[in-house]
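First the structure, in the form of structure tokens, and then the observations on it.
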Amino acid sequence: MSTTTQNIPWYRHLNRAQWRAFSAAWLGYLLDGFDFVLIALVLTEVQGEFGLTTVQAASLISAAFISRWFGGLMLGAMGDRYGRRLAMVTSIVLFSAGTLACGFAPGYITMFIARLVIGMGMAGEYGSSATYVIESWPKHLRNKASGFLISGFSVGAVVAAQVYSLVVPVWGWRALFFIGILPIIFALWLRKNIPEAEDWKEKHAGKAPVRTMVDILYRGEHRIANIVMTLAAATALWFCFAGNLQNAAIVAVLGLLCTAIFISFMVQSTGKRWPTGVMLMVVVLFAFLYSWPIQALLPTYLKTDLAYNPHTVANVLFFSGFGAAVGCCVGGFLGDWLGTRKAYVCSLLASQLLIIPVFAIGGANVWVLGLLLFFQQMLGQGIAGILPKLIGGYFDTDQRAAGLGFTYNVGALGGALAPIIGALIAQRLDLGTALASLSFSLTFVVILLIGLDMPSRVQRWLRPEALRTHDAIDGKPFSGAVPFGSAKNDLVKTKS
């Protein structure tokens, strides 16, 4: 950018159409967050009515993650072929319909299936909305676009917590799911009046339809085998997370089977760049493993371990959700200033100072707990607002929605594991200690994976001929694409 351009406030670089596009996508994310966290808020009520164990109840949270990989793949491919806008509308209809079905669920299995539908819609919303907004905004503002957008999910969670405190004590938990369907009408109207993403329009102007990941996997020469593997993965995940299997060895075998299937899909769809795709799935997996024990089980911790009433729970969750929302926006500014990966690492390191105190102080002082949660979530959870931008930079426009959707939502199975792992550890320790231990230890893994740019590094080690050296979204260099010695030599040459 020129000096004159840099002196203009960032928001003046955006026109009315770009703001309208962002507003529509942000509203979709708010609804997504509202619908998704409802189950966490009423988990104890559902558990009591259906007579579930703690692990079975936690699996209702996990259910939405089980179907996300397929929803991200299918709806992402729809976005790559037909445009980001159609994929967004389809996604929001899916997760809203699933939310309504939860309100009518007569038992555990029915609610589990409804949560699968929510997961598919949520996955499509993530991939299509993120690519839509990122591709609509100027390149130098795309961390802000990503962070601001993802803040909508946290705002939706805050709104859900406040509605929970007003609705559930009077009308019961089912009424909360009925409310989750109402905003869909306005969202659909808004989505019909927004422009298509600029990057997508430019890429597809006057050209034949692109060959999407769905075309490669389900219309190519290996389509029969891939359909069989898809059914096998769905069945394996069902048995792993529906709370029916007690044998850890069988669960481990099924988990390895799913891992092999997902890697096979990544190899087929990305070709020589499969090491990058696989490592991105690993990054997202650990990102969910460190963050989602708290996201999913914090309401349960507040109600059981701290014995808070619904009103107090809602107040504490307000601090938590609002902190995450603020953190998404702060992360956007940090990402555009420091660079995506450096901002991510710095924010996570700062969050580590707060995670132990959050669960060590107990529940005597609600305000202190709320403030600690606000800052911990701002730094630890909020920085995930720029994760779509980080992942999307490794994919070309033609496969960005499906690549982001599939990669992110396969890794998001960590979110399915997280509450169950937390619940299992809580059978031996108290829940607060379990949540703090998981989050503290696994955050360091994410710091290393992102800080060392392991997707580029592993690509360079295994398939260097397909190495991408610069971010496809903002054009900035990937640190892991260049050996340390070469990077130092290049710097010397540049200065001389």
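Cβ atoms here come from the backbone N, Cα and C positions, even for glycine.
Feature annotations, courtesy of Swiss-Prot:
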{"type": "TRANSMEM", "residues": "22-42", "note": "transmembrane segment"}
{"type": "TRANSMEM", "residues": "58-78", "note": "transmembrane segment"}
{"type": "TRANSMEM", "residues": "92-112", "note": "transmembrane segment"}
{"type": "TRANSMEM", "residues": "116-136", "note": "transmembrane segment"}
{"type": "TRANSMEM", "residues": "148-168", "note": "transmembrane segment"}
{"type": "TRANSMEM", "residues": "170-190", "note": "transmembrane segment"}
{"type": "TRANSMEM", "residues": "224-244", "note": "transmembrane segment"}
{"type": "TRANSMEM", "residues": "247-267", "note": "transmembrane segment"}
{"type": "TRANSMEM", "residues": "313-333", "note": "transmembrane segment"}
{"type": "TRANSMEM", "residues": "353-375", "note": "transmembrane segment"}
{"type": "TRANSMEM", "residues": "406-426", "note": "transmembrane segment"}
{"type": "TRANSMEM", "residues": "431-451", "note": "transmembrane segment"}
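Between the transmembrane segment (58-78) and the stretches 22-42, 116-136, 224-244, 431-451, it is 116-136 that has the most C-beta pairs under 8 angstroms. Listed stretches 22-42, 224-244, 406-426 were compared with the transmembrane segment (116-136); the greatest number of C-beta pairs under 8 angstroms is found for 22-42. Stretch with the most C-beta contacts under 8 angstroms to the transmembrane segment (313-333), considering only 22-42, 148-168, 247-267: 148-168. Contact count against the transmembrane segment (148-168) (Cβ pairs under 8 Å) is highest for 22-42, out of 22-42, 406-426, 431-451. Just going by CB pairs under 8 A, the stretch in 92-112, 247-267, 353-375, 406-426 that sits most against the transmembrane segment (22-42) is 92-112.
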